[in-house]
Amino acid sequence: MLLLPFQLLAVLFPGGNSEHAFQGPTSFHVIQTSSFTNSTWAQTQGSGWLDDLQIHGWDSDSGTAIFLKPWSKGNFSDKEVAELEEIFRVYIFGFAREVQDFAGDFQMKYPFEIQGIAGCELHSGGAIVSFLRGALGGLDFLSVKNASCVPSPEGGSRAQKFCALIIQYQGIMETVRILLYETCPRYLLGVLNAGKADLQRQVKPEAWLSSGPSPGPGRLQLVCHVSGFYPKPVWVMWMRGEQEQQGTQLGDILPNANWTWYLRATLDVADGEAAGLSCRVKHSSLEGQDIILYWRNPTSIGSIVLAIIVPSLLLLLCLALWYMRRRSYQNIP
């Protein structure tokens with residue numbers, strides 16, 4: 001665990017209250033997915049994330065990082081970035097080779113997939129906690145705590161055997177320790193500061209209502225769409241007056257291409273119960289001015305046609321009467 005210097009806390013949390021002043025991401029992590037088809041073919045994908053926002057990719061062909069934002073390097077120099085890229089290149093190549101070499105010893109049956117996540121998180125009060133977890137086929141396999149390999153119960157004897165093997169490689173464990181407990185915290189602070197304008201921006205949501213597929217005879221599905229908001233935390237609820245409707249179903253918060261978010265909230269009701277319902281949206285960007293949209297039964301196509309045709313016919317009738325009356329006056333000698 002690392003404690004932030006006071007000066008950096010003041011930059012990230014200018015209001016003095018870290019729990020409320022900083023509403024952007026608070027963690028950085030890299031994700032590795034390695035797929036092993038057979039003893040000679042493997043593919044690894046990598047990416048870097050601030051919470052749910054991707055800021056790095058990995059080009060497997062060139063073995064270089066892809067920086068998705070101008071500030072994705074944080075405060076690291078080009079030399080430091082090049083050194084890290086070299087570490088990851090060597091690691092990815094060596095990891096695939098070692099796994100294939102030891103697959104038989106660990107009774108690994110092709111094809112299989114290994115996932116890994118490693119990073120660090122800024123906690124309230126300024127502490128930074130680092131983490132590393134590995135999974136095999138979607139099941140927890142091991143973690144690193146206090147620079148030691150800890151097998152997961154789901155990994156069984158295979159995970160225990162792996163940890164016993166890896167701790168013999170002191171050079172690898174020292175590199176992991178440096179990356180987790182020194183490099184990652186320093187990078188996290190730098191990138192949060194470098195990307196501060198983007199990460200702490202406030203973008204107001206847009207909201208609209210629609211009807212979804214009918215859930216059954218005599219019933220309606222009301223849908224409240226909320227899109228384009230940032231940061232991610234949002235509160236959406238179907239209401240009747242001030243009473244929350246407990247049947248409200250929230251979907252997953254999904255990313256838009258422009259680093260904003262989308263959410264939909266649905267409510268199934270009987271035909272006669274939709275009147276008086278509203279969708280309420282709360283978000284930090286609204287500064288307490290909640291969005292409230294009231295449900296109105298959609299107008300039928302027939303009503304729309306009548307609303308257009310009837311006035312048009314009346315207008316034509318008036319014009320015809322005016323024209324006939326004008327002609328009749330002209331025929332008077």
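Cβ coordinates come from backbone N, Cα and C, glycine included.
The following features are taken from Swiss-Prot:
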DISULFID  Cys120-Cys184  disulfide bond
DISULFID  Cys149-Cys163  disulfide bond
DISULFID  Cys224-Cys279  disulfide bond
DOMAIN    185-295  domain 'Ig-like'
CARBOHYD  Asn38  N-linked glycosylation site
CARBOHYD  Asn75  N-linked glycosylation site
CARBOHYD  Asn146  N-linked glycosylation site
CARBOHYD  Asn258  N-linked glycosylation site
MOTIF     329-332  motif 'Internalization signal'
SIGNAL    1-17  signal peptide
TOPO_DOM  18-303  topological domain 'Extracellular'
TRANSMEM  304-324  transmembrane segment
Recorded positions Asn38, Asn146, Cys224, Asn258, Cys279 vs Asn75 (N-linked glycosylation site), shortest C-alpha separation belongs to Asn258
Most isolated by CB count within 10 A, of the disulfide-bonded residues Cys163, Cys184, Cys224, Cys279, is Cys163
Comparing the Cα of Asn38 (N-linked glycosylation site) with the Cα atoms of the disulfide-bonded residues Cys120, Cys149, Cys163, Cys224, Cys279, the shortest distance belongs to Cys163
Separation of alpha carbons, Cys120 (disulfide bond) and Asn146 (N-linked glycosylation site) (Å): 13
Across all protein chains in the structure, which of the glycosylation sites Asn38, Asn75, Asn146, Asn258 has the highest Cβ count within 10 Å? Asn75
Other CB atoms within 10 A, centred on Cys120 (disulfide bond): 25
Of all the recorded positions given, namely Cys149, Cys163, Cys224, Asn258, which is spatially nearest to Cys184 (disulfide bond) at the Cα level? Cys149
Integer Å distance between the CA atoms belonging to Cys149 (disulfide bond) and Cys120 (disulfide bond): 17
From recorded positions Cys224, Asn258, Cys279, the one whose Cα lies nearest Cys149 (disulfide bond): Asn258
